[in-house]
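Data first, discussion second: the structure below is written as structure tokens.
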Amino acid sequence: MTTSTSPAAMLLRRLRRLSWGSTAVQLFILTVVTFGLLAPLACHRLLHSYFYLRHWHLNQMSQDFLQQSLKEGEAALHYFEELPSANGSVPIVWQATPRPWLVITIITVDRQPGFHYVLQVVSQFHRLLQQCGPQCEGHQLFLCNVERSVSHFDAKLLSKYVPVANRYEGTEDDYGDDPSTNSFEKEKQDYVYCLESSLQTYNPDYVLMVEDDAIPEEQIFPVLEHLLRARFSEPHLQDALYLKLYHPERLQHYINPEPMRILEWVGVGMLLGPVLTWIYMRFACRPGFSWPVMLFFCLYSMGLVELVGRHYFLELRRLSPSLYSVVPASQCCTPAMLFPAPAARRTLTYLSQVYCHKGFGKDMALYSLLRAKGERAYVVEPNLVKHIGLFSSLRYNFHPSLL
């Protein structure tokens, strides 16, 4: 008499045969401990990790960020109030040159009082230019004030030290009477004005357009020097319309509709997989080489890097300017954009042909022009600026948050 054995019973019987020393059990335990215990404990406060506990930390981290920004804003204000000027009138923050190699144009509006965003940005650029020394003699700071009211205190203070272009100086304040011009179109027009003013005033080789809530990273000038003088001489990078220096960290994960990142992700697995396999085989005293084990560690490392956060692994590239990567740009966002002079003139023509509105801001307009005009654009990774503005100049935000 034969008795049938159920699939569940057969599975249990096979599981009982597995010993704690078997490869399958060890790798299963490693997976559970890594993704169920160690990684969540280590990463629950990392803002751009899948393990981040938003409900536990976000509100407090946002408040701490705002408080720190207030302190840094006050420090930047004192920095300029105490900054001496030669003969009491000659600016010392910038060194005038007949034709600068790079103009750094900072676009500013009157934002939330107390944070002094534009002062933070300009003071950081000033410090970095001083540290850079003779290598940055061809760099020119330029402030573009697009605030319609005359109450922009920070812009007035900076005018003692930095050349300023005021879009609405000496004009009638009748902008609000035109119902066809919304805030998104105005932002685009402001951008066009500042880019055009930079070209007309200095005729530089490059224009770096920086919004007044984008603080430069410490490595920005050595990296730009390397990129523009070495990397952008490569044929596939020549004649680019623009180079983005910032992409939101929350959009830097591998699981994104960008093919280049998928290739990079697979490359991470192919690099770390064999290394982890060798370590496992050595310490587990396993003879020979196992393709299934290597495949496991390839997938294991890919999953770990994605869940911890690609953003944090990109930070390793800051070890050297040559390690920064340049990849095709996506549509969001425009805190810092570098334009070669010929491309900047093409951009002015392109932007004059589009109209911006809610859902189609200047960043989307610039990105849409790439395909329409057959242009190319790139983004540098990791970011070369930090976005510190939680208060948008386009949207009211009474409860700002880091995410």
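Note: Cβ is positioned from N, Cα and C throughout, glycine not excepted.
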Task: Read off the topology recorded in Swiss-Prot and answer whether SER151 and LEU351 share one side of the membrane.
output: yes
Statement: If you consult Swiss-Prot, the disulfide counterpart of CYS136 among CYS132, CYS144 turns out to be CYS132
Task: Within 10 Å of each Cβ, count the other Cβ atoms, then let me know which of the recorded positions CYS333, PRO335 comes out lowest.
output: CYS333
Query: Hey, of the recorded positions listed (VAL109, CYS132, CYS136, CYS144, CYS332), which one tops the CB count within 10 A?
result: CYS144
- prompt: Looking only at the topological domain 'Lumenal' (309-403), what are its DSSP counts of helix, strand and coil residues?
  reply: 36 helix, 19 strand, 40 coil
- line: Given the transmembrane segment (288-308), its same-chain partners at Cβ distance under 8 Å and 6+ residues beyond its ends are 23, 27, 30-31, 34-35, 39, 43, 46, 49-51, 253-255, 265-266, 268-270, 272-274, 276-277, 280-281
- prompt: In angstrom units, rounded to an integer, how far apart are the Cα atoms of CYS132 (disulfide bond) and CYS194 (disulfide bond)?
  reply: 25
- request: Spatially speaking, which of the disulfide-bonded residues CYS136, CYS144, CYS332, CYS333 is closest to VAL109 (UDP-N-acetyl-alpha-D-galactosamine binding site)? Use C-alpha to C-alpha, please.
  value: CYS144
